[in-house]
Amino acid sequence: MNFEPWWLIFVPVLFGLGWVAARVDIRQMLRETRQLPDSYFRGLNFLLNEQPDRAIDAFVEVAKLDTETIELHFALGNLFRRRGEIERAIRVHQSLLSRADLPAPQREQALYELAQDFLKSGMLDRAEEAFRQLQDTRYAQQALQALIRIYEAGHDWPKAIETVRMLRAMTNEPVPELAHYYCELAQMALQAKTPDLLGAQEALDAAEAALQRQGGEDGAVQRGAAAAVRVAMLRAQIAARQDDAKAERLHLESVLREHPAYAGLVAEALLQNYRAAGQAAEGLAQLQAQYVSQPSLDLFNIVFRELRAQQSEGTAWSFARSALSRRPSLLGLDRLLEIELAATKDAPEGSVAAVIGGQHEDLALLRTLIHKHTQRLDRYGCTACGFQARRFYWQCPGCNAWETYPPRRLEEAQ
């Protein structure tokens, strides 16, 4: 390797240039630091000493003194929103938007923050307007997702569906809730003063198409089981209104076959279909077989009741003893005692109910004690937020999540 003498000059020159640049940067930083108001440093000190209220007051003073502190305005607005001081957050973000010299990226950010303020405060109309203005910005995806939540809250299913289409065109990501939106449209069509059966059918066709697309994208319909059951149940309702008992039965039985965990939701309607056709015994036999393969409390109640009505008290009690010995259940015992104690009135002498009637007071006391402890277990529970309800929901009324209610009572889920 040849040594060049000019390197001896070049290296010191580079070192000197670096030293000068560093001095310039340090002087610039010191100059900018001296320009910061004392309130800024007081705010930092309060934050370090975990005094957020006093820190906010100090930073507000800084923002008033120096209107160029855009990032500080954003930080203050977010702090106010997180603390629930929505009106103050709105004022901060509106003051930013009122500045004519605000650069376009910061203007978009301020509008997005303001839209979130409106959403959190419950001013959905103003939130919708703000989010719609963001559809051609870098916040378009977040804005569309927020609009979907707004339309869900207002049960504006057509707008929710249209917004999902726009979101899918942008991200091509599956939206599992889409099938439920179409089911909501079908439900509205069926509940109209003049039921629109054709409109309901078309909505359910769209729901099934959404489920098929979801299955193709995910490899399997993981979150679509509840929606598929809902589609089948709504199709059964349409068939019943059209006096097509055969189609109604096919839709209900498809739930037992394809989604047996949801059998309890369709068991009563299926039994009624068989009963109307003069085939109550066949319907009972099918539900009894379903209970053996997929036991649930709702099925237990229906099978016990029908065995008692169609066959005999002894047969019903034999089924109950066998079922409760295999799957002990306080709720099952509670329902059993409720039915039998109600039947002791006017019971024929020598019947099982009459024998129970001889010990009516003791069993009534037992049932009262059991019922007191089973009331909290006789509910469905959301797996996302824990909200409990006596009826089954497709969408949790507590946290608005979809498909978070298992089709089993709390006692069974524990």
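Each position is counted from 1, following the chain as shown.
Just so it is clear, glycine is given a Cβ too, placed from its N, Cα and C backbone atoms.
Lifted from TrEMBL, the feature list:
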TRANSMEM  6-26  transmembrane segment
TOPO_DOM  23-414  topological domain 'Cytoplasmic'
DOMAIN    380-404  domain 'LapB rubredoxin metal binding'
BINDING   CYS382, CYS385, CYS396, CYS399  Fe cation binding site
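Under 8 Å from some Cβ of the domain 'LapB rubredoxin metal binding' (380-404) lie the Cβ atoms of residues 149, 152-153, 176-177, 180, 183, 223, 225-227, 230, 265, 410, 413, all in the same chain and six or more residues away from its ends. For CYS385 (Fe cation binding site), the same-chain residues that are 6 or more apart in sequence and have a Cβ closer than 8 Å to its Cβ are CYS396, GLY398, CYS399, ALA401, THR404. Around CYS399 (Fe cation binding site), taking its Cβ as the centre, 12 other Cβ atoms fall within 10 Å, counting all chains. Excluding the listed site residues CYS382, CYS385, CYS396, CYS399, the same chain places THR383, ALA384, GLY386, PHE387, PRO397, GLY398, ASN400, ALA401, THR404 with Cβ atoms within 8 Å of the centre of the Fe cation site Cβ atoms.
Sorting each residue of the domain 'LapB rubredoxin metal binding' (380-404) by its DSSP state yields 0 helix, 6 strand, 19 coil.
Counting only same-chain residues six or more apart in sequence, the Cβ atoms lying under 8 angstroms from the Cβ of CYS382 (Fe cation binding site) belong to GLN388, TYR393, CYS396, GLY398, CYS399, ALA401, THR404, TYR405.
Taken as a whole, the topological domain 'Cytoplasmic' (23-414) shows an average pLDDT of 82 in this prediction. Every protein chain shown contributes to the tally, and the Cβ of CYS396 (Fe cation binding site) ends up with 21 other Cβ atoms within 10 Å.
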